[in-house]
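Record features (Swiss-Prot):
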{"type": "DOMAIN", "residues": "38-210", "note": "domain 'EngB-type G'"}
{"type": "BINDING", "residues": "46-53, 73-77, 91-94, 158-161, 189-191", "note": "GTP binding site"}
{"type": "BINDING", "residues": "Ser53, Thr75", "note": "Mg(2+) binding site"}
Amino acid sequence: MTDEKVINKKLVGDNKLFRHQAKFVAGAMDIKQLPNFALPQIAFVGKSNVGKSSLINTICNNKKLAKVSNTPGRTRQINFFNLVDKLIIVDLPGYGFAQVPNQVKDQWEILINHYLRKSDNLKLVNLLIDSRRGIKENDKKVAELLLANKRDFQIIFTKSDKVTDRKNLNLEAQNFLATLNYSCNLIYVSSRSKEGARELKTSLAKCIKLEK
């Protein structure tokens, strides 16, 4: 068996990890509450109402895991989910919601910045962007923050079932990444149609495998 076939076989095996249900294990609203897990962590971050909770539920095979709401700004803490003691999925608070008080926004920023700087086991961040809206200024700032903290990330375009023209969106993403001198995966996902779910799971499994 060739090395490539061995790698692909291992990735398929790791992909089966996501057939299990993840469980909520901790929530942190301030720095003191941040848990210290020895397991590898993969985080999800995006603008409020980008579809983050729905995607996490799909990835973790648990429809009730992350609370899904039509109200932006619902996720107000960092939530940690344990996937059969193999992986920690991290749900970061959404950004860019104008109705959240400035004091709360400041608290979120401090909390998220600290987590990104100090988490030794954070292997990858998934930057979620609404494919209908394109890359906004807040998204760019988060990408810059991730690179400033030397965090690998990939771009996940959500709600892909509602968009037909992806050529311009891909070009926009590539042009932005070029300004950062960075390259990464661009994955289109839809929690409704399940498009991209397998590709995303495989990318996460590959990330964990490379870190072993």
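All residue numbers here begin at 1 and follow the chain in the order shown.
Glycine residues also receive a Cβ, built from the backbone N, Cα and C atoms like all the rest.
Where Swiss-Prot records a feature, it is marked here on the structure.
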residue: Gly46; record: GTP binding site; Cβ contacts under 8 Å, 6 or more apart: Lys52, Gly94, Tyr95, Leu127, Leu128, Ile129, Asp130, Asp139, Ile156, Thr158
residue: Gln77; record: GTP binding site; Cβ contacts under 8 Å, 6 or more apart: Gly27, Ala28, Met29, Pro93
residue: Lys159; record: GTP binding site; Cβ contacts under 8 Å, 6 or more apart: Gly51, Asp130, Ser131, Arg132, Ser190, Ser191, Arg192
residue: Val189; record: GTP binding site; Cβ contacts under 8 Å, 6 or more apart: Leu55, Ile156, Phe157, Thr158, Ser160, Glu195, Gly196, Ala197, Leu200
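Mean pLDDT, taken over the domain 'EngB-type G' (38-210), works out to 88 on the 0 to 100 scale. Each of the binding-site residues Asn49, Ser53 was scored by the other Cβ atoms within 10 Å of its Cβ; the lowest score goes to Asn49. Pro93 (GTP binding site) falls outside any helix or strand according to DSSP and counts as coil.
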